[in-house]
Amino acid sequence: MEDSRNHKKKQAIDGEEEEEDRISSLPDSILHEILSSMDDLKSAVQTSALSKRWRYVWTSLPNLHVDFDEFPFPDSDSNEANRLRFLHFVNQFLSLRDDDSNLCKFYFLAKYCDDPSFITNCIHYAIHHNVQEFHLWAACVAEPFEFPPCFFNSESLKSLKLVYFYKSVPIDKPLCFQGLKTLHLSCFLDDSANFVTESVGNCPNLETLILDYLQLRCFKITAPKLRKLELCYHERCISDSYESVIVVSAPRLTSFKLKGKVSPVFSTMGLPSMDDLCVDLRFPSDANIEQTVPVNVINMLAQLGEANSLTLSLGTLEVLAMDTDSLKSHPSPFHKLKHLKLIAKEFLEEDTSPTLTLPLNVITYLTRGSSCGDTLFMKFSRVEHQKDCPICSHEIGSEFCIYILLTESCFKYFDVITDCAVIARRHRRFLGNLARSLQPEQCESSKYIFGTWALVVLVYVLAFEFVLHG
């Protein structure tokens, strides 16, 4: 009996050793993925105690994520002690790392650091080891630091992200990377416009450009191979909306996103490849530019009419609805529109009008020019658990479909996608408002269609309520 028990115990131990050997026998590339998925570099280094196989695996990690906030500090130590411990660990880690192993990704969040030479040395290490994807977050750095000369001559960089707060990164000359494909610049102030413009122009193979937390009032983007452009304007540090002159020369651009509290004065030489457009603007808080914002947005959309996929926020719809005369006088630029998505993420923002409603005349303006076919796909996203959100509380699918079908003849069918659980709740009031909004000649020509669609909506509502409530 005892022998049998010992035999089973030995089998269990052998099985565990076999399982351990099976993991240890994996190639370094897979073990690197395992270590890279850990929360911090210190935990990755501690795996060296597992066995001889694991002893030096961490020394050739191709992906490094250095972040003060994720470092496992003792709870009892002071902030100063934690900072010194963090600096010591990073210096030791880089000095013991295999010098022949190149870096693929280096994410360096240099917060709360008062040693400029430490940041400069880390940048030098990354460039010296041919890093391909480099993220530098230099916010709240106590003293300005300098980029080493090798940084501006890197031939390995494919992706670069720089976060620039409080002039902690005094870049005195523009970037110039021949192989760079993705550039993400964040928190650059208005006096950095020339740096941004020249840096983009000096990267001839750039395909993705993201400018985040922008505070630039005038800049130009010239990028012959650029395919994706995102401009996200700062919404917290600037109390009022302001105009920003944006000049774009990117003939291959297929995706464009504009977000924030800004009145865009947009111009381009033509964007024939434009496919996906997203505009998420905030309601203007400056009365001096309130009248010009809708016209500026309409003029911008007129230059982006090649897009067949359009995403708009409720705030953007509200901005456009401020000038109904311009909507009537300007033809819709979207002659290829197939997908229209409305997002309500900003509905509860402080600068959003509390009386926001769904402006159907804006939707008509956006869709009436399309000649791409018979079908328009619409998607409506809602804010979770918000009873007052228009997208949650309105019968959005029926409203838009019926309204556009009765007022325009471009589309015959609609594919409506919504994650809203409340559907067809206010159909009677909407149909009444729609009938009153139609012109007399429209009512005469559409009365039979109107009655038919009203019946269809009613049947749809009853069927939905039957399925929902049994």
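Backbone N, Cα and C atoms are what each Cβ position is placed from, and that goes for glycine too.
Residues or ranges marked as compositional bias 'Basic residues' in TrEMBL: 1-10.
Among the features that TrEMBL reports, region 'Disordered' is placed at 1-24.
Same-chain residues lying 6+ beyond the ends of the domain 'F-box' (26-68) with a Cβ under 8 Å from its Cβ atoms: 20, 83, 86, 89-90, 93, 96-98, 101-113, 122. The domain 'F-box' annotation in TrEMBL covers 26-68.
Sequence annotations record features per position, and here TrEMBL assigns transmembrane segment to 448-468.
Taken as a whole, the domain 'F-box' (26-68) shows an average pLDDT of 85 in this prediction. Note: the domain 'F-box' (26-68) comprises 26 helix, 5 strand, 12 coil (DSSP; helix = H, G, I, strand = E, B).
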